[in-house]
């Protein structure tokens, strides 16, 4: 405005002038630390958790708009739990909080979510006739499938880990038995 802007002098070396400042459109580094890493979001677990939270939110919105509003607590709770596990896995809280059994908590979350979504989706589609209830039921069925895929993958990972641990225990038990046995061959 006043005084009129003067033409800035061309800066031959703009790098030192911008060293302390971020570009005007860039996000602040402090806020960016709250976002999950892009590599995690592109992983299978990250995509599953994003799908779970997205479908849970859509289902929640559909139940809010429908006459089956008695069912809106379950999608809201599953949405919040999926977001919690998304950020907990992305921020690697399972490494920081060793006292919690993260795979078992995630497995139980997925199993209960799949069962609850299946039950309320059948009820919403069969009992209520408005379009929002039908849409909530359909999105609930999709969420059931995504949660079922997630708990299947978690179960396979846990079973593989336990089987690996059992084979190591058997090998050490066999070696100890061979050492302690009397190899008297007469």
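Every residue gets a Cβ built from N, Cα and C, even glycine.
Automatic, uncurated: that is what TrEMBL annotation is.
Because the structure is a prediction, the values reported are computed rather than measured.
TrEMBL assigns the feature transmembrane segment to one of the listed ranges (135-155, 156-176), namely 135-155. Among the ranges 26-56, 57-87, the one that TrEMBL lists as transmembrane segment is 57-87. Within the set 1-24, 97-120, the record from TrEMBL flags 1-24 under the feature region 'Disordered'. Residues in the domain 'MARVEL' (40-159) partition by DSSP class (helix H, G, I; strand E, B; coil) as 105 helix, 0 strand, 15 coil.
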